[in-house]
Amino acid sequence: MGAKAAAALDEELMSTGAYSIDQLMELAGLAVSQAMFALSPPQKTPNILVACGPGNNGGDGLVAARHLYHFGYKPTMYFPKQTKNELYQRLRIQLEHLKVPFTDDFVGTAVKSDYIIDAIFGFSFSGEVREPFPAVIRALAEGKVPVLAVDAPSSWNIEDGPPKDGPGKGYNPLALVSMTAPKPLIKWFKGRHFVGGRFVSQAIAEKYGFDVPPYQGSDQIVEIGSHGERL
């Protein structure tokens, strides 16, 4: 699903679908947290650094961190471009009530983390990476800490995949959770791939030309292979 179709789908879900942005973000963040748990439980990798951008992708990261805390992880937040949007303020306050720490030192915190969640830029990203994120994405590309990316590895073009130069050159995270449906950039992705966002009807999926993943039981994610098969 390309960027225009993904944006149109979100708009439809929040109009005729009657969802609020809060609901969609909550379900997306829950899917991210379940993907993290599937990758590595808190007993093995407790310290999770969640890097959040200023848009909806960052909101998914804020929600995911709350769920991760309740799953038994110890999340730390990197959220440098905070917005005055009331929803994001509430998500931050929820984390503060849980005593989840916020840091301004991404690089220093990353090297002490067991996993990083990349919730910086999503499917709508285009153009240049702006401050303070170039150093962050460079650290993701060059670091040894495994990364779970949300919907798109940050700095990747939704249609054309990884950048040929700049801070995101060579960045290919260990895992990716695609929201609703995979995006064209998946052709360049080499890691473990999950699909999440269990809120789309069969009619909507048919309209936008994608398959609803075969979710099992209460699962919010499905792991799929390089040819779209369920794993």
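Heads up, the Cβ atoms here are built off N, Cα and C, so glycines get one too.
Per TrEMBL, the features are:
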- 6-211: domain 'YjeF N-terminal' (DOMAIN)
- N56, N57, G58, G59, D60, G122, F123, S124, F125, S126, G127, E128, D151: (6S)-NADPHX binding site (BINDING)
- N57, D118, S154: K(+) binding site (BINDING)
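Cβ proximity to the K(+) site centre (mean Cβ of N57, D118, S154, cutoff 8 Å) flags the following additional same-chain residues: A51, G53, G58, G61, A119, I120, F121, G122, A149, V150, D151, A152, P153. Ranked by Cβ neighbours within 10 A across all protein chains shown, the binding-site residues F123, F125 are led by F123. Cβ environment of S154 (K(+) binding site): A51, G53, D118, I120, F121, F125, V129, F133, V136, I137, L140, G168, Y171 lie under 8 Å away, each six or more residues apart in the same chain. Least crowded of the binding-site residues (N56, N57), judged by neighbouring Cβ atoms within 10 Å of its own Cβ: N56. Cα separation, N57 (K(+) binding site) to D151 ((6S)-NADPHX binding site), rounded: 8 Å. When Cβ atoms from all protein chains are considered, those within 10 Å of D151 ((6S)-NADPHX binding site) total 30, not counting its own. For G58 ((6S)-NADPHX binding site), applying a Cβ distance below 8 Å and a minimum sequence separation of six or more within one chain yields C52, F79, K81, Y88, A119, I120. Taking a C-beta cut-off of under 8 angstroms and a sequence separation of 6 or more, D60 ((6S)-NADPHX binding site) has the following same-chain neighbours: M25, A28, G29, V32, A119, G122, V150, D151, M179. Averaged over the domain 'YjeF N-terminal' (6-211), the predicted model reaches a pLDDT of 93.
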